[in-house]
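Below: the structure, in structure tokens.
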Amino acid sequence: MSGTAAVEVGPGRSEETEQGREPMECEQNNGEGERPSKLDVNRWPPYGLRMAYREYIAEFFGTLVLLLMGNGVVATCSLDKSLNFLSITLGWGMAVTMGLYVSLGISGGHLNPAVTVANAVWGKFPWRKVPGYICAQVFGAFTGAACAYSIFADLLKEMNGGNFERFELHVAGIFSTYPRPGNGLFSCFLGEMLCTAILLFCVCGIFDNKNWAAKGHEPLAVGALVFAIGINIGYATGYAINPARDFGPRLFSSLLLGKEVFTYGNCYFWVPIVAPLLGGIFGHFLYSYVVPH
């Protein structure tokens, strides 16, 4: 790779990447003539790989933080009956904010295949990076779910009768979304699609160079947006609004609870994958090509 390339940092805002952009460094530069520190990350053997794949690494860790905290708050609310849906939505909003603080300045803080694909479809992100971003997001979500489980494992086993040999919805729902009783597939699909369309529509506004209402506070604004979606219109489906957030933990929970995590609810698992992808494309289109600037 040579030169610089403008890559979308969230919908609507770009910044230079590749060789033309200096990486964020945690350490201070050594003064001229000083002996280099052994702790200088620039001297680590894997430094070249770290720089070459920094965007994917940031997506991995950002999504890991998102799912560790998100699945963690659902587990906490499942164990402590004094907490309610408000606690879950607030916890997820804060989880999104923390995930963005980890990744925003490096990878753009997508943390969501719906964001990545929507940006690529409308020419704001290179297609060649899409597979790597999505793999990093799904693997980060899987790992975040595993970390959350490791914290609550004994308590969850007790809640599930001492083992995970059978599928229990109240345990499976800690990791992924499932249809509520009486809510059909079409309603769930439409709900997920519209919730994700609203997510991308508002995220485009938050990161719009010509709309500075959230400048400097983008992670907080997106976290507040996710909280608003959850508390207002997310109850019916559990508002996955993120294929990686749902599929990664579902893969992990299948190791504990079996294949029923995929077959439950007439094979519901595909809804929080397909619907957010379509909704994200539609929401991005509305803001970028319909709303006047």
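One is the number of the first residue shown, and numbering goes on along the chain from there.
Cβ atoms here come from the backbone N, Cα and C positions, even for glycine.
Sequence annotations record features per position, and here TrEMBL assigns compositional bias 'Basic and acidic residues' to 13-24.
The feature region 'Disordered' is assigned by TrEMBL to 1-38.
According to TrEMBL, the feature transmembrane segment maps to 56-76 (among others).
Listed by sequence, the residues of this chain that lie at least six past the ends of the transmembrane segment (82-102) yet keep a Cβ under 8 A from its Cβ atoms are 58, 61-63, 65-70, 72-74, 76, 109, 111, 218-220, 222-227, 230-231, 234-235. Summarising the annotation, TrEMBL assigns transmembrane segment to 82-102 (among others).
According to TrEMBL, the feature transmembrane segment maps to 133-152 (among others).
As annotated by TrEMBL, transmembrane segment applies to 184-207 (among others). Below 8 angstroms of C-beta separation, residues 9-13, 114-115, 118, 213-214, 218, 221-222, 225-226, 229, 233-234, 236-237, 239-242, 265-266, 268, 271-272, 274-284, 286-288 of the same chain, each at least six residues beyond the ends of the transmembrane segment (184-207), sit close to that stretch.
If you look up TrEMBL, you'll see 219-241 (among others) marked as transmembrane segment. Under 8 Å from some Cβ of the transmembrane segment (219-241) lie the Cβ atoms of residues 85-86, 88-90, 92-98, 100-101, 104, 109, 112, 114, 173, 176-180, 183, 187-188, 191-192, 194-196, 198-199, 202-203, 206, 271-272, 276, 279, all in the same chain and six or more residues away from its ends.
According to TrEMBL, the feature transmembrane segment maps to 261-287 (among others).
Counting only same-chain residues 6+ beyond the ends of the transmembrane segment (56-76), those with a CB under 8 A from a CB of the stretch are 50, 83, 87-88, 90-92, 94-96, 98-100, 102-104, 106-107, 109-111, 132-133, 135-137, 139-141, 143-145, 147-149, 151-152, 155-156, 173-175, 244-245, 248-249.
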